[in-house]
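Features reported for this protein in TrEMBL:
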DOMAIN    B:20-438  domain 'DUF112'
TRANSMEM  B:20-49  transmembrane segment
TRANSMEM  B:61-82  transmembrane segment
TRANSMEM  B:109-132  transmembrane segment
TRANSMEM  B:144-163  transmembrane segment
TRANSMEM  B:169-186  transmembrane segment
TRANSMEM  B:206-224  transmembrane segment
TRANSMEM  B:318-341  transmembrane segment
TRANSMEM  B:353-372  transmembrane segment
TRANSMEM  B:392-422  transmembrane segment
TRANSMEM  B:429-446  transmembrane segment
TRANSMEM  B:466-486  transmembrane segment
Amino acid sequence: MSAVRPGAVVVAWTPDAFGEIALAHGVHEATLRGRDLMVVNATKGDSLVDPAYAGSEAMSSLTDTLAASGLAHEVRQQVGLDVAEVVLELAREVDARLVVVGLRRRTPVGKLIMGSVAQRVILDSSCPVLAVRPGETPS
Amino acid sequence: MGDLDLLWGGLQAAATPENLMYAAIGVLLGTFVGVLPGIGPAMAVALLLPVTFGLEPTSAFIMFAGIYYGGMYGGSTTSILLNTPGESASVMTAIEGNKMAKAGRASQALATAAIGSFVAGTIGTLLVAFFAPKLAGIAVEIGAPSYFAVMVLALVMTTAVLGASPLRGFIALFVGLTVGLIGQDLNTGQPRLSLGLPQLIDRIDIVVVAVGIFALGEAFWVAAHLRRTPLQIIPVGQPWMGRDDWRRSWKPWLRGTALGFPFGAIPAGGAEIPTFLSYVTERKLSRRGDEFGHGAIEGVAGPEAANNASAAGMFVPMLALGLPVTATASVMLAALQGYGIQPGPQLMTEQSDLVWTLLASLLIGNTLLLVLNLPLAPLWARLLRIPRPQLYAGILFFACLGAYATNLDAFDIGLLLAFGLLGLTMRRFGLPVLPLILGVILGPLMESKFREALALSGGDYSGLLSEPLAVVVYVLIALLLGVAALRTRLVPVRADAPDPDRSDDELVSR
């Protein structure tokens with residue numbers, strides 16, 4: 001059972017500038033639309049250290065930010081086969097109205113080799129996706 | 001001071017640009033594999049064996065020595081930043097080192113580990129240069145019965161006394177000895193355990209065994225546990241030490257060296273005991289005993305020095321007696337044999353150029369480690385982000401290439417796979433790898449000494465006790481086994497005994 005009501009805004013979050021801007025937009029959108037907020041942080045778990053997977057410090061600062069927003073929210077951390085798949089699966093689960101992702105700058109070669117989580121989410125999502133870059137703060 | 005002259009000569013021979021390059025490659029590669037948990041210097045040397053057959057023996061050994069020392073050093077980085085010891089000898093470093101890092105003193109922990117390693121490695125190498133020729137001088141005098149007894153001592157020590165479980169140790173040892181039996185009997189020419197396969201009559205190549213157990217075994221293990229929650233790494237800047245850190249570190253460095261070297265040098269080395277002893281000593285001697293457990297710098301400096309001193313001490317039995325006591329030494333010995341050089345007491349006299357150049361290159365490698373690694377620490381920390389699938393795909397590729405290159409026969413790839421599965425099984429059931437590798441390498445050597453002793457006495461088994469040294473060694477073995485039995489009786493099963501399903505360092509021996 002999820003703590004958020006169906007139709008929530010899902011934010012694909014990482015403990016860096018990209019996650020931060022996605023979260024800011026996610027909070028903004030959820031407040032505007034009167035929806036709950038679902039924050040997901042996922043990793044493939046195939047390397048010993050993944051900077052995109054939040055540690056306890058980053059998690060507690062995330063919790064503080066969410067508490068300050070006053071929204072009903074839930075945070076999930078997950079290890080899965082594919083990060084984009086984890087995000088999309090969660091979006092289906094909560095019947096998401098919007099998915100927010102942070103866009104990384106990737107070279108074509110980098111995209112070819114490593115793939116892009118944001119790209120996969122945008123292409124495969126069944127609901128609207130908001131793709132944001134650092135610097136594009138919500139008004 | 002003839003030895004110092006020889007060492008100086010070795011230093012000149014080692015200091016060619018080409019050899020310096022191999023030393024640098026070795027040090028970098030060693031640190032690389034040391035940083036990544038699960039991959040140790042033994043695996044790196046085994047993977048490189050086929051590649052180095054085209055090189056001069058001296059260059060190859062300079063590189064191996066660099067890998068060995070680099071591996072020792074790399075392990076400490078992982079221990080400190082990640083609390084995951086890269087190899088078994090770094091377990092003690094992890095205790096205080098990680099606490100220091102969590103308290104924001106990662107730079108100081110890394111620095112004391114690096115400088116302590118340098119100090120201990122340098123003193124240790126000088127001690128090797130001092131002791132190895134003396135020991136070899138004595139060793140050429142001893143006969144087959146005593147030599148056999150010393151080898152039994154080395155095997156019993158590594159198997160029953162050092163390991164966590166003597167039963168598991170002996171299982172691994174006998175598997176290894178059995179593998180060592182496969183092939184043609186050197187005395188009579190009869191094929192043994194060859195299953196009628198012509199490839200097996202020719203004896204199994206040690207490269208295939210080592211690569212199979214270390215590389216494939218580890219790769220299978222990782223494949224079976226591919227996805228895990230990532231660990232939290234502590235970000236680190238440039239390592240440096242304040243005046244207070246120096247003051248608190250230099251005594252533990254020297255004490256650790258004094259503890260580590262003898263344990264590495266006796267033909268039953270292993271860095272686990274001296275690092276543990278060093279940790280306990282420092283905790284007792286420290287005036288700030290209450291800091292232990294919360295990140296005391298002494299608890300990093302001492303064990304890390306002990307670790308490297310014992311790594312250096314290992315060269316004494318290896319060079320003077322031809323007795324390897326660690327997994328890496330075993331693989332290096334196999335490399336010597338690959339060059340057609342017979343390891344043993346004669347090595348010091350017959351191949352003195354090689355030996356002295358090797359010792360000199362250890363000194364150089366040690367200095368390079370310090371110079372390269374202090375500034376590179378943040379880079380090494382980034383290595384931990386390499387995704388496992390890509391990393392192990394590379395390892396598997398080199399493993400198969402190496403196994404195939406030994407005989408250019410696809411049969412060896414099958415053999416490699418078999419040993420890889422054996423390695424996985426051993427890992428699953430918590431069997432130590434070192435006794436197995438020692439068994440494979442020392443088995444044939446022991447057999448030839450055994451038969452030699454029996455031939456001298458006309459087949460009478462009392463011939464094995466015909467030398468006083470042999471008798472002394474057997475008494476020593478009996479005593480050690482008694483102590484080990486007492487220890488297990490008195491000390492109840494350790495609560496922190498490694499769980500084979502979870503432990504990361506089970507397969508990683510030096």
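Just so it is clear, glycine is given a Cβ too, placed from its N, Cα and C backbone atoms.
Long-range neighbours of the transmembrane segment (B:392-422) within the same chain, counting only residues 6 or more positions beyond its ends whose Cβ lies under 8 Å from a Cβ of the stretch, are 39, 43, 46-47, 49-51, 175, 197, 199, 202, 204-205, 207-209, 211-213, 215-220, 222-223. Here the transmembrane segment (B:20-49) has Cβ contacts under 8 Å with residues 14, 55, 59-60, 62-75, 77-78, 82, 84-87, 207, 210-211, 214-215, 218, 221-222, 326-328, 330-332, 334-335, 338, 361, 364-365, 368-369, 372-373, 376, 380-381, 383-384, 386, 391, 395, 398-399, 402, 437, 504-505, 507-510 of the same chain, all six or more residues outside its ends. Counting Cβ pairs under 8 Å to the transmembrane segment (B:61-82), the top-ranked stretch among B:109-132, B:318-341, B:353-372, B:429-446 is B:353-372. Highest Cβ contact count with the transmembrane segment (B:466-486) among the listed stretches B:144-163, B:169-186, B:206-224, B:429-446 falls to B:144-163 (criterion: pairs under 8 Å).
When Cβ-Cβ distances below 8 Å are used as the criterion, the transmembrane segment (B:144-163) is approached by residues 169-170, 172-173, 266-268, 270, 272-273, 317, 321, 323, 325, 432, 434-435, 438-439, 442, 445-446, 449-450, 452-453, 456, 463-467, 469-470, 473-474, 476-477, 480-481, 483-484 of the same chain, each at least six residues removed from its ends. Beyond its flanks by at least six residues, the transmembrane segment (B:353-372) meets 6-7, 9-15, 19-20, 23-24, 26-28, 31, 57-58, 61-62, 65-66, 69-70, 73, 114-115, 117-118, 121-122, 125-126, 128-129, 132, 312, 315, 319, 341, 347 of its own chain at Cβ-Cβ distances under 8 Å.
Most Cβ pairs under 8 Å with the transmembrane segment (B:169-186) belong to B:429-446, among the candidate stretches B:109-132, B:318-341, B:429-446.
Contacts between the transmembrane segment (B:429-446) and the transmembrane segment (B:206-224): present, as 3 or more C-beta pairs lie under 8 angstroms, all at sequence separation of six or more. Panel annotation: around the transmembrane segment (B:318-341), residues 40-42, 45-46, 49, 52-53, 57, 60-61, 64, 67-68, 71, 128, 131-133, 135-136, 139, 147, 150-151, 154, 158, 206-207, 210, 214, 264, 266-270, 311, 347-348, 351, 354-355, 358, 433-434, 437-438, 440-442, 445, 509-510 of the same chain, lying at least six beyond its termini, place a Cβ under 8 Å from a Cβ of the stretch. Summarised as a single figure, the pLDDT of the domain 'DUF112' (B:20-438) averages 83.
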